[in-house]
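Quick notes on the structure that follows.
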Amino acid sequence: MKLQEKEVLLFDLDGTLVDSAPDLALAVNRTLKDLNKATFDQDTIHHWVGNGAKVLIERALSGSAIIDKELDETLTKDALTIFLAHYQQCLCIESVLYDDVQEGLLSLKAAGFRLAIITNKPAIFIQPILTGLGIDNLFELLIGGDTLADKKPHPAPLHYAMKQLNVVAEQCVMIGDSKNDILAAKAANIDSVGLTYGYNYGEDINQYGPQWCFDTFNELLISLKR
């Protein structure tokens with residue numbers, strides 16, 4: 001099936017539609033300061049994004065993408081609580097939509113595509129970000145990293161989306177910047193689009209085998225044009 005023949009577009013959020021790294025970095029560093037821990041530059045934190053808030057904080061406390069197995073559980077829990085409070089206050093300070101996203105989503109909706117979001121970000125943050133960046137009311141379904149017991153790369157969020165939207169895998173495509181998006185799609189037998197401009201831990205997303213791969217959102221829009 002050609003990409004433009006798909007009916008449902010399942011979008012990741014961070015690194016796909018929104019460059020949220022600046023605000024995530026701000027919240028992470030505010031958290032680390034509160035805990036009297038060393039802070040990090042935005043580029044470093046950028047590579048820790050994509051597996052949900054808990055993993056992001058574990059990486060920050062470890063000072064590495066590889067989580068310290070000796071991390072104190074109580075410290076991690078406290079740090080996560082502090083981080084979520086800070087992030088709530090800075091969701092859209094520096095976060096921006098990637099080029100062509102707002103106009104592109106409007107055109108896709110007008111063309112008859114059904115749009116949904118499947119992100120590993122806590123669900124409580126999704127709607128405020130969409131509203132703050134002017135792309136609310138475009139999506140039929142919003143699934144966060146804590147909506148279900150499992151998050152990407154587990155296929156459960158994608159299966160849940162199909163059930164809620166009353167569609168089958170062949171009608172859908174998962175669009176994201178991370179290996180988690182591609183692996184989740186494969187596990188759910190859904191085709192996927194890899195976007196190279198996002199937060200894939202410095203890895204080439206092509207190595208995970210998406211059916212399509214684009215360097216810009218506009219290239220995606222061109223391929224979806226009916």
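Backbone N, Cα and C atoms are what each Cβ position is placed from, and that goes for glycine too.
Swiss-Prot names D12, D14 for binding Mg(2+). Of D150, D177, D191, D204, the residue it gives for the same site is D177. Excluding D12, D14, D177 themselves, the residues of that chain whose CB lies within 8 A of the CB mean position for the Mg(2+) site are, in sequence, L13, G15, T16, L17, V18, G50, T119, G176, S178, D181, L195, G198, Y199. If you take the C-beta of D177 (Mg(2+) binding site) and look for same-chain residues 6 or more apart in sequence within under 8 angstroms, you find D12, G15, T16, G50, G194, L195, T196, Y197, G198, Y199, N200, I205. Neighbour list (D14 (Mg(2+) binding site), Cβ cut-off 8 Å, at least 6 residues apart, same chain): S20, A21, L24, V49, G50, T119, K121, G198, Y199.
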